[in-house]
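Enquirer: My questions will all concern the structure given below.
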Amino acid sequence: MRFVEVVLNEPDKNVVAMADAYFFPPYQPMLFKPKGKPTIYPSLQLPHRQARLVVYNKRTNVTSVWVVELSEVHAAARGGHHRGKVMSSDIIPDVQPPMDAVEYAECEATVKEHPSFVEAMKKRGIEDMDLVMVDPWCVGYYSEEDSPSRRLARPLIFCRTESDCPLENGYARPVEGIHVLVDMQKMEVIECEDRYLVPLPPPDPLRNYTPAASRGGVDRSDIKPLVISQPEGPSFRVNGYAVEWQKWNFRIGFTPREGLVIHTVAYDDGSRGRRSVAHRLSFVEMVVPYGDPKDPHYRKNAFDAGEDGLGKNCHSLRRGCDCLGLIKYFDAHFTNFHGGVETIENCVCMHEEDHGVLWKHQDWRTGSTERRRSRRLTVSFFCTVANYEYGFYWHFYQDGKIEAEVKLTGVLSLGALKAGENRRHGTVIAPGLYAPVHQHFFVARLDMAVDCKPGEGLNQVVEVNVKVEKPGPKNPHNNAFFAEETLLRSEQQALRDCNALSARHWIVRNTRTFNRTGQLTGYKLVPGSNCLPLAGPDAKFLRRAAFLKHNLWVTQYNPDECFPGGEFPNQNPRVGEGLPTWVKQDRKLEETDIVLWYVFGVTHIPRLEDWPVMPVEHIGFSLMPHGFFNCSPAIDIPPNDATDENGHKDTMKGGQSEMIPLLSKL
């Protein structure tokens, strides 16, 4: 038995919401039963802890899902061990679970020992197999040959120039023309063909990205230390995995597939109490399709969450390098392929960041100036999926905004060129070396609960488009425009795309809660830069990734609907499983429990400046209060003491300038 994934079987969301309503301040008397009066809120009884296991039987090639109830036995009774009860065990037919790093290592060793592969590398002048890098990639699904009846991988091959140089960028020499297919269950090569010969690219002197001394260069020397100081400590408080910062509170979770998960997000709004914003926020899928029609690049369309696991590919963060300031780290714990426990230390980073000016205004008549600086709380993790790195960030702001950000970096996935050859579908970045065009898509699952008390599902979604007023009596000067709202009443109506020309955005509103002007309270989803797949409707990868066809999907909450391509996208033969299938029910969205699925992406046309390692590219979106508060929630931020570059207070007093007495005399 191989343990692909073991996670907490999360309790019912109403139980979680109720528990955190008790746990987090402020005290909410409406949640407690008044004397002699009935209440809709039951007394809080926490459920038994359950684990959910995805198990792969390597001998039979069968995948099963188990739910186990965990109960602790007193130490005196059984030596401190735990015992549990199997609640269910179901065989899932016709699927393949995600691949594992143990399998990847075994696959590399198997390929490098195969006689046909060794012979093919000799034709390219390589006899030392220690130079060879084998990156197993899932086969996807292109025909019945890729069916999940076999557990398959099609590796990509690369070759370093020096076997005793572990710091060398081996991705700089891709091996073209060798077709390898591996049965990952039996761990044997079932196809190995040397289809055509492309000479290995010559060693590129710019290929490495290690410190200059290790690559014969000189690092710049004009960078002075930048110190982030918080002499009184951070403003956040942590109790286990529960976080309180400013007026925000939430819980931090982590899964092998999604990585970082943010639970029960709420805002302490003074006399209005703790107000819910979202139940659960996470990144649930990532797809990277390539735009080169040649083999093997047309097959490169990795589902990095569903086929590999964002969380399982995370790594430890380092103070002063990945994060600055006073850091709170959280470890991540996983079961490995054989059932043992592994811990990634310092996997999740949480810290405060200065974010420039929050708001500012100067009265020109008096010279009086009020300004406040912004800070944000950032929670993040990084993962490495073969050649690319992705940083996933959730930022919480003092003005009630939540920002989701992905940082893309790492090494391009490359191809080799014959002498004098050029490629229409890529960028030549070095002699004999090119980077194919491709796209990166991310799916955020936003389980919203705007102003909902535990047990309530009172949200709706409104689309807002800005329109130009038609010429006429309502627009005599041809300058008028207005925001038009459309209620998305059902799941089919809520298949929407971004439109920058109309400033399109979407608002999740509570249908029973009003602000001081009589409008419904809400939070709006503000898109960042975005794109759609640059592929024809019959592209094979869209069989499994039909959810990429729209930027926004909205569903009525169902606890079994967690991943947009279904739970097992690896070698999935079914068309449109997941989101496209669920929304065919066309469930009503007018007043219910709402889940937003926001799909956002970037089209990457590689450039020379992306080599040898790509500078970070940023992409994301925001959740902003829209009528949620009666005025700016950042109005109560206290003034900062103005200081000069040496840390001394300057002559600005109380936000007013020394020029004020002179101005008043004038």
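Heads up, the Cβ atoms here are built off N, Cα and C, so glycines get one too.
Given the structure is predicted, the values throughout are model-derived calculations rather than measurements.
Summarising the annotation, TrEMBL assigns active site, proton acceptor to D304. Sequence annotations record features per position, and here TrEMBL assigns active site, schiff-base intermediate with substrate to Y388. The domain 'Copper amine oxidase N3-terminal' annotation in TrEMBL covers 97-198. What TrEMBL lists as domain 'Copper amine oxidase catalytic' is 227-635. Per TrEMBL, 2',4',5'-topaquinone is recorded for Y388.
Give me the local environment of each listed feature.
Expert: Within 10 Å of the C-beta atom of D304 (active site, proton acceptor) sit 22 other C-beta atoms, taking all shown protein chains into account.
Here Y388 (active site, schiff-base intermediate with substrate) comes close to V288, L408, T409, G410, V411, S413: these same-chain residues lie at least six apart in sequence, with C-beta atoms under 8 angstroms from its C-beta.
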Enquirer: Reported in the order helix, strand, coil, what are the DSSP residue counts of the domain 'Copper amine oxidase N3-terminal' (97-198)?
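Expert: Secondary-structure composition of the domain 'Copper amine oxidase N3-terminal' (97-198): 31 helix, 26 strand, 45 coil.
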